[in-house]
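K.L.:
According to TrEMBL, the protein carries these features:
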type: BINDING; residues: G41, L42, T43, G44, S45, G46, K47, T48, G87, N144, H145, Q146, D147; note: GTP binding site
type: BINDING; residues: T48, T65; note: Mg(2+) binding site
Amino acid sequence: MSECIQLSFAVCRIGIYTCFRALCCKGPPPPRPEYDLVCIGLTGSGKTSLLSQLCGESPENIVSTTGFSIKAVPFQNAILNVKELGGADNIRKYWSRYYQGSQGVIFVLDSASSEDDLETARNELHSALQHPQLCTLPFLILANHQDKPAARSVQEIKKYFELEHLHVENAGSLNPAPWMIWKQ
């Protein structure tokens, strides 16, 4: 009987040791890849709200960004380091100073904005699409405020922003950057 008890203890020790190694000794998890994005758009388009929502922060007391902010947006397989640039007229002229090192662009658009603001947003988007540091990067155009009655459809935005000629499959275009419109 003592052999049986000794064997049980040995098996138990091996089991505990194996479990301990599996749980405690395998080292830190491998680092998730990180990607640097720039988030641009006019004031009031919803850049700060978007990033706050992605980070799980409270939507209350959101204040427009007056300069720039950086947020790490964690996902299961990656971390997005997003530089949000303020969209006021006096700040937009400095956007290009923050483009270096970006690996993608989020352009947030108030799809229910006035005609004047829509024209300004179109000019800013085309300027970003032609910038040497951004022109080959993936672009996400977020058509925000889709819940408002004046919101433009994705088709209207494509037409107004003249995006058809920038389509990914059009390798002969001046700007081969891939883009996508997502409505929220």
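Positions of Cβ are set from backbone N, Cα and C atoms, glycine also.
Bear in mind that TrEMBL entries carry predicted annotations, made automatically and left uncurated.
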K.L.:
Let me know how many other Cβ atoms fall within 10 Å of the Cβ of K47 (GTP binding site).
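P.N.:
Result for K47 (GTP binding site): 26 other Cβ atoms within 10 Å.
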K.L.:
How many neighbouring Cβ atoms, not counting its own, are there within 10 Å of the Cβ of T65 (Mg(2+) binding site)?
P.N.:
18
K.L.:
Of the binding-site residues listed here (G41, S45, K47), which is spatially closest to T65 (Mg(2+) binding site) when Cα positions are compared?
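P.N.:
Checking each of G41, S45, K47 against T65 (Mg(2+) binding site), the shortest Cα distance is to K47.
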